[in-house]
Amino acid sequence: MEVAVPVKQEAEGLALDSPWHRFRRFHLGDAPGPREALGLLRALCRDWLRPEVHTKEQMLELLVLEQFLSALPADTQAWVCSRQPQSGEEAVALLEELWGPAASPDGSSATRVPQDVTQGPGATGGKEDSGMIPLAGTAPGAEGPAPGDSQAVRPYKQEPSSPPLAPGLPAFLAAPGTTSCPECGKTSLKPAHLLRHRQSHSGEKPHACPECGKAFRRKEHLRRHRDTHPGSPGSPGPALRPLPAREKPHACCECGKTFYWREHLVRHRKTHSGARPFACWECGKGFGRREHVLRHQRIHGRAAASAQGAVAPGPDGGGPFPPWPLG
């Protein structure tokens, strides 16, 4: 006498033998060597993605859908996978049906559960498995939520005393263990980050330099500071250290200013005497330095060029007269 196989078991058998499950359950022990293992894995992947039938966009959608489902919480992932979405848009539609609006009318962020959440996979157990449905994160033989089990799907509800959800994250992706700073309310997903943030409020500087005793809040700041001490591995070598100040042996007897070169001292002392030994041959104006009178004579040259179209020649037929010392 034949025993009829229930529809639920038949659907599970198809799912467990799907190309996606064969690809995910692959182990190196399934092949005699690494080269054979790579070839077998490549063949299993082709059986799942079927590049001869699907376009690149369709295969990419399968990979995106798998990663999207693996990022969901375990209970939500089990419920969405039991509906066998064929694309990311179908998975998003199921999540919107499950989680509903972001907040209920009374102001809380509780989410509603559709009527068929606890119906289990029997409602869709007769759906044919095409081998394209990646049940990401579900172990072989795992069943969906059992009928009548009220604990199968428990959507996350933020309690009034719980910290606020992480900004920028959807409600179903914010972990219930998210912590926030009691001082300013800043939310952190990692306790280590929160601990380091709270040190900024207390002013605590637990990391002290053994060389000079200066304290720092973060360890990397201390490491960077220790490199500035001479002899440390990160301190600059002799070639990178600033050179000592050079001696300036030539000093002015009037103001005490010192110079490296004697010529600079001689030129400086003329500023105290007020002497202007260089005169312009055009207007007779005197200057203390030769380069100043040369710069001044360019003004006369430009004026003459604009008035006559050429610069007035000097005594030898060349350019303007060079400056000569007065007296």
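One-based numbering along the chain as shown.
From the backbone N, Cα and C atoms, a Cβ is placed for every residue, glycine too.
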Based on the annotations in Swiss-Prot, which residue of Lys190, Lys248 is described as SUMO2 cross-link?
Lys190
SUMO2 cross-link per Swiss-Prot (candidates: Lys8, Lys257):
Lys8
Do you know the DSSP helix, strand and coil residue counts for the domain 'SCAN box' (20-104)?
60 helix, 0 strand, 25 coil
Neighbour count (Cβ, 10 Å) for Ser18 (phosphoserine):
20
Mean pLDDT for the domain 'SCAN box' (20-104), as a whole number?
79
